Amino acid sequence: MTLSDYLAIVRKRWILITVLIVIACSAAGYAAAAYTQPMYQASSKIIVNQATLENGKLQVNPGDVAVNNMLINTYKELIKTPGILQKVVQANPGLNVTVDELLGSLKISSAAGSQIMTVAWEDPSYVKASKIVNAVTSTFRVEAPGIMMTDGAMIVIPSDPETPSSPRQTGLTFILLVSFVASSIVAVFIAFLLETLDSGLKDAGKVEDWLGIPVLANIPVIRKSDIKNAKQAAAAPAFKRVGEDQHVHANG
C-alpha cells in the first residue's frame, strides 16, 4: 500500500477516529477532575533590609542594597538547611510534616535584584500550607541573624490562612495531552484493522489484485437522491418545451 492508500483509509473512517478520540479525552478529563486532588499554594514573603548602624540609628546606603541582594541568595540556601527545618518541625508538631518533606517540597524564590524572598508550599489543604510557610519564615527570621552574624532587619509578610488561593488540578493538561495522543494512535490502528479485516471488493484495483483480470466496466453506487436528481434534470427541459409551444400557439 502506498501513502495515498493509507490516507484514503483515514479519510474513509474519520468519523470513527474522531468519535474514539473524543470519548477517550472526555473519559480522561472526567477521571482527572473527579479523582485528582486539587492543590492549593500558600506563600509567605521575607523582606531583607541590611542597614548600617551609625550613632545608634540604622542608615541605608547604596552599598547596603548590593549586600541585601547577596544576602537574598545566601538566605535562599540557608532556609532549606536541615538545621533550620529541624527547628521548624520541633516548634510546630501539629503540622505533621517531616524535615525530608520540607526539603523536597518547600519552594524558595526571589526576583532578580529584589530584596523580597518568597517561601511557598503546595498542599491539598490551604490552611495547612499557610501554616507551614508561616512557621518556616518566622523560625528563619529568629535563627538567621545569629547564624549570619548580621544586624539587618527582616520583615515577614505572613500568609493569610483565611483567604485561600484558587485550587489547580495537578497534571490535568498533561493527562489530556497523553490521552489525545494515545487515543489517536489506537483509533488509527483500529481503522486500519477494520480495513484489513474487510474482505469485500469495493474497487477495481482490488478486483484486479484478487482475480488477476482487467475490469471492463465499473458501475457506481446509485442512491435514491441520485435517481431523484436525475428525474428532475430530465423533466426540466420538457417543462420548458411545453411552455414554448403554448407561447407559439397563443401568437398563432
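The backbone N, Cα and C atoms fix where each Cβ goes, glycine too.
Caution: TrEMBL annotation is automatic and unverified by curators.
As recorded in TrEMBL, the features of this protein are as follows:
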type	residues	note
DOMAIN	3-90	domain 'Polysaccharide chain length determinant N-terminal'
TRANSMEM	171-194	transmembrane segment
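Helix first, then strand, then coil: DSSP counts for the domain 'Polysaccharide chain length determinant N-terminal' (3-90) stand at 58 helix, 18 strand, 12 coil. For the domain 'Polysaccharide chain length determinant N-terminal' (3-90), the model's average pLDDT works out to 81.
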